[in-house]
Amino acid sequence: MEFPEHSRHLLQCLSEQRHQGFLCDCTVLVGDAHFRAHRAVLASCSMYFHLFYKDQLDKRDIVHLNSDIVTAPAFALLLEFMYEGILQFKGLPIEDVLAAASYLHMYDIVKVCKKKLKEKATTDSTKKEEDTSSFSDKVECLSDGSSHMAGDLPSDEDDVEDEKINILPGKTDLATESRNMWIRLPTESASIPRTVGEAETHTTAAGKTAVSPCSSTGSLSHRSAISMGDSADVDCVLDLSVKSSLSGTETMNNSYLSSQEILRNSLVQVKVEKEATCDKNDIDTTEYDIERNTVKESVSSNIRASYEPVHLAPIREDSVLRELDHDDKASDDDMITLENERVQMEANTDNSLLPYVPNIISPTGQIFMCPLCNKVFPSPHILQIHLSTHFREQEGIRSKPANDVHVPTCSLCGKTFSCMYTLKRHERTHSGEKPYTCTQCGKSFQYSHNLSRHAVVHTREKPHACKWCERRFTQSGDLYRHIRKFHCELVNSLSVKSETLGLPAVRDWTLEDSSQELWK
């Protein structure tokens, strides 16, 4: 007579005994963490423990695991799986579980983790494509509306009437794109008299979304009567060729320039210079122009005015795809000036950071704005250093546990960890602390597993034996490499035989998956 629930009842009893410490005959050390368990269960679920306990069983009360590969939370999760048959990640990074399972040769768990990582990567790529496509549709819709808005604005009397700027979408070569974008905010500029037409335009735009002063669809301005020094143009040039221009609304909201009092006597002008071959003597310092082949600023102004959070990568990609065709035959005379528009801000704009603005503006009245986070800096050199932090943050960020507000973070390098134990172990790399000392020779080590590995030098012990040829090794890694090199075909034949006999999958000790994970 068969009892279907017998195996489940047996696992439940073993799990209760482990929690009570009853009949536990071994201790697994992962760094400073101790785990009591039963040898039979460990050897049945892990090829690593099976080889460890096969020889000299009575001398294997304590097992040291490599804490650089196996973390304490990951081993606790795998230990629960051994006793309960249920795998629950509990917010732990899948990469940590995968590394621990590969180290312990638990290949069923390795396959599950690889599958989850593959599904996660597929989901992220699909979501990114959907976001990009929806963003492109939104940009096309807003660009049509912005082109009509630009037609209603008055044009400058000195420029040609009814002049149109054709915006052609398409990919352009990044090497020929506009370079040296800079932003200037003079704090002491004479107020320019407003004409009747400008006053009407200002009144009409008060109830609508503010049009960006750096938008290519904005109306043309009068020539500025204020002259700037020639040296100022050289100092404020910064290479930001890949970044898209910022809208006026986004600039004012996110860089602490949200007060109408400051904007009343401020002139926001953006200049996108052409190729580096332009003669500096031909640049008129009394005029701050913008070239006709600039990007669609009206699109970015409409999108950012709606305060919708948009990921940086789609904005960059869309701005590059929608830049105008570069006209190599265009001369410097084709440049047009911007209008000195008064930007209307929302009544609920946050003014808490406003007092910091005068302190960061240089004595010459220039500030330099980051196109990624809209922070302002007094010099282009400081801005360049700040920009490098954005690109460092995009690489090497370890995934954080889900629903974990207090993530252990290193105060020196900012690296995050899954638990406080791994953080403390990481801090030794900065302090150089070596708390583990050999009693035989007095040599110190940073990690306990290094001390255990060193102890074999004095004992000349070779605890790891090959079950096929009885050859012995000092380290488990040497044994593993030996099995791969000399007995790989034998292991594969045994795994095929196990499948034919219908043996439990947990004892199927193939080396295909773990060999790629640990020993590349």
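From the backbone N, Cα and C atoms, a Cβ is placed for every residue, glycine too.
Values in this document were obtained by computation on a predicted structure and should not be read as measured data.
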What range among 23-45, 92-114, 368-390 does Swiss-Prot describe as zinc finger? 368-390
Stated Swiss-Prot location of zinc finger, expressed as one of 178-200, 293-315, 408-430: 408-430
Between 224-247, 344-367, 464-487, I'd like to know which one Swiss-Prot lists as zinc finger. 464-487
Taking residues 6+ outside the zinc finger (436-458), which of them lie with a CB under 8 Å of any CB in it? 29, 31-32, 64-68, 425, 428-429, 474-475
Write out how many residues of the zinc finger (436-458) are helix, how many strand and how many coil, based on DSSP. 11 helix, 4 strand, 8 coil
